[in-house]
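Features as listed in Swiss-Prot:
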type	residues	note
SIGNAL	1-20	signal peptide
ACT_SITE	S39	active site
DISULFID	C70-C79	disulfide bond
ACT_SITE	D121	active site
CARBOHYD	N144	N-linked glycosylation site
ACT_SITE	H155	active site
DISULFID	C169-C180	disulfide bond
DISULFID	C234-C241	disulfide bond
DISULFID	C250-C304	disulfide bond
BINDING	W307	(3R)-hydroxybutanoate trimer binding site
Amino acid sequence: MFDSVKIAWLVALGAAQVAATALPAFNVNPNSVSVSGLSSGGYMAAQLGVAYSDVFNVGFGVFAGGPYDCARNQYYTSCMYNGYPSITTPTANMKSWSGNQIASVANLGQRKIYMWTGSSDTTVGPNVMNQLKAQLGNFDNSANVSYVTTTGAVHTFPTDFNGAGDNSCSLSTSPYISNCNYDGAGAALKWIYGSLNARNTGTLSGSVLSFAQSGSYGANGMDTTGYLYVPQSCASGATVCSLHVALHGCLQSYSSIGSRFIQNTGYNKWADTNNMIILYPQAIPDYTIHAIWNGGVLSNPNGCWDWVGWYGSNADQIGGVQMAAIVGQVKQIVSGFQG
């Protein structure tokens, strides 16, 4: 159990990284798991929410992502910028794979789904997000869906506070986190989980833990270290907690921007007052040229999550190596459930 494992706690992630330790188990209800992400992390969140809807059984959130399986049957750039990628074959694949290569699509009718786009996003714009909404509309319950557009926002993670080094809402550059006067993390979590306690806007009670993304918890294109935010209420194991997975976008991994995605997106503020652990898996730049879906070749120098088939033809299906690693992390964390 968690409190019997020696771990290295980081009060704040600084320039010096504490050596990663084994990923502990926590008293987390396995029926309280969700995921969200930005950009390639948004694509990955949709992949996990669809392919592993039995694991991410509360719901998922997508910030500036696109349709599930989008890049398999059209070149990946069709799924970017602000075009209208075809969802005909991807949606047909969801139906034909249901219950085999992916979990049953019937699950999606029971999941809470949150989607966000910036009206001025030219990297993965509103038209692409609209196609995701249309695709999921074949399976979801519209009463369970929230779709939000922030006027003037670009390709960024939206917050309502000024984190150190963050941008204005109209600026799409590193660290791709911006004060848009919109609490994206809070909006996603409140939609997915329902009513929550007010966030902690002061000093947080919890700590950040680094863990080894190795063995079944790691994969091609993933860094050797991942992170968890654990509120004080979840640390001892006395309280049953929930789990949310927060996925960074391209150029947002720890190797690119340090701890900013972990500290500045606002997830931890909500987790701290709601008995919620936040898991931050980490991708890493990969300069090797790989074959991708649809016959192309591409390297991954921006440390994106795999939404184009870099690491296998089954990248968005059960057993896709990055998804399997993240699911392995989730299953280890919830294995300490005492209910």
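Cβ atoms here come from the backbone N, Cα and C positions, even for glycine.
A simple Cβ count within 10 Å picks out one of the recorded positions S39, N144 as the most packed, and that one is S39.
Among the recorded positions N144, H155, C234, the ones whose Cα sits within 10 Å of the Cα of C169 (disulfide bond) are H155. If you take the Cα of D121 (active site) and the Cα of H155 (active site), they are about 5 angstrom apart, rounded to a whole number. Sequence-distant neighbours of C70 (disulfide bond) (same chain, six or more apart, CB under 8 Å from its CB) are Y43, Y76, S78, C79, P85, I87, P90, Q131, W307, listed in sequence order. Take the disulfide-bonded residues C180, C234: by the count of other Cβ atoms within 10 Å of each Cβ, the lowest one is C180.
The shortest Cα-Cα distance from H155 (active site) to any of the recorded positions (N144, C180, C241, C304) is found for C180. Taking the disulfide-bonded residues C79, C169, C241, C304 in turn, the residue surrounded by the fewest other Cβ atoms inside 10 Å of its Cβ turns out to be C169. The Cβ of H155 (active site) has 24 neighbouring Cβ atoms from other residues within 10 Å, across all protein chains displayed. Within 10 Å of the Cα of C250 (disulfide bond), the following recorded positions from the list S39, N144, C180, C234, C241 place their own Cα: S39. Nearest neighbour of C241 (disulfide bond) by Cα distance, taken over the recorded positions S39, N144, C180, C304: N144.
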